[in-house]
Amino acid sequence: LLSQFDPDNTGYISTEKFRTLLQRHGSELDPHKLEVLLALADSNSEGRICYQDFVNLMSNKRSNSFRQAILQGNRRLCSKALLEETGLSLSQRLIRHVAYETLPREIDRKWYYDSYTCCPPPWFMITITIVAFFLYNGVVLDRFVLQVSHPLYLKNSLLYHPQLRAQAWRYLTYIFMHAGIEHLGLNVVLQLLVGVPLEMVHGAARISFVYVAGVVAGSLAVSVADMRAPVVGSSGGVYALVSAHLANIVMNWSGMKCQFKVLRMAVALICMSFEFGRAVWLRFHPSAYPPCPHPSFMAHLGGVMVGITLGVIILRNYEQRLQDQTLWWIFLSIYVIFVLFAIFWNIFAYSLLDLKLPPPP
């Protein structure tokens, strides 16, 4: 095929030959792929098409340059929208629903719908949720205790405690403890309803990065801004995902075609506000174990900041190379600077400020 349409071995096919190829074999192609191929042919002003872009499309791979070539085209896809297609199975309707929940462009939705195979499944969010439930159930065995009123609440190796901040794993493992069943329930609901669809679209690597970045930023924010308090709960990671998703909807409001998007945003904001308000109330409520206060709420704010910076960039650039995005590098640099500042703060500030910390558990 390459020798026939590219005899000089330049790596390109003329648009005229490319159209001939589509006319000859168009009936054999998936309708969605055919639409994208036609858009690619119409969008190219140089009279030639990269052969590798064609191979990428047919193998369900898409380069950044290929995507830009389509998005900058002079022709809009004129066939009916994906939402109007009928006769879909339950799994196909689910994939279509996820596409409309998370992606603002119709061409991205069609591409995702056409190429998604559920392999691998959204394992990261499901695994994190299962582990959280498992550790919560451990309370029955007096292990990994979650309730702030339990005698062994502070005596475990998971939560972040200011006196034990040198144990670096606590900056991550605190997410597997929650201050009661209502705390766990709200986080799990938001984590599954928002995190799983996002992972289905953007993949485990990107979503796990946003989640873990929010978790680390949450515990570090507590160590800087609320230095005497412990912290528990996965709110840092959950709020990073939810705030990134909500910000992405607001930024692409006209393109988002998800049903009841105003109602969905309102419900998410109400749940987040309720959980955050509960965390603030609990922080200033008299502690069951003075002088150690109840868990801090600063982790929530750290997660939100990660979501509306790093998270928005990741969710906005569907299947684009983040290393090509200037704004991505700016926000990543800010995040790294904050992490380094927080590390030095933890090493030196506590002793310089002569702060009275609660005794170790």
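In case you wondered, yes, glycine gets a Cβ from its N, Cα and C as well.
As annotated by TrEMBL, active site, nucleophile applies to Ser235. Within 10 Å of the C-beta atom of Ser235 (active site, nucleophile) sit 32 other C-beta atoms, taking all shown protein chains into account.
Long-range Cβ contacts of His300 (active site) within its own chain (separation 6+, distance under 8 Å): Gly218, Ser235, Gly236, Tyr239, Glu275, Phe276, Ala279. Positions annotated as active site by TrEMBL: His300.
Annotation comment: TrEMBL describes 1-28 as domain 'EF-hand'.
What TrEMBL records for 123-146 (among others) is transmembrane segment.
Per TrEMBL, the feature transmembrane segment maps to 207-225 (among others).
Feature annotation from TrEMBL assigns transmembrane segment to 231-250 (among others).
Among the features that TrEMBL reports, transmembrane segment is placed at 262-284 (among others).
The transmembrane segment annotation in TrEMBL covers 296-315 (among others).
The feature transmembrane segment is assigned by TrEMBL to 327-353 (among others).
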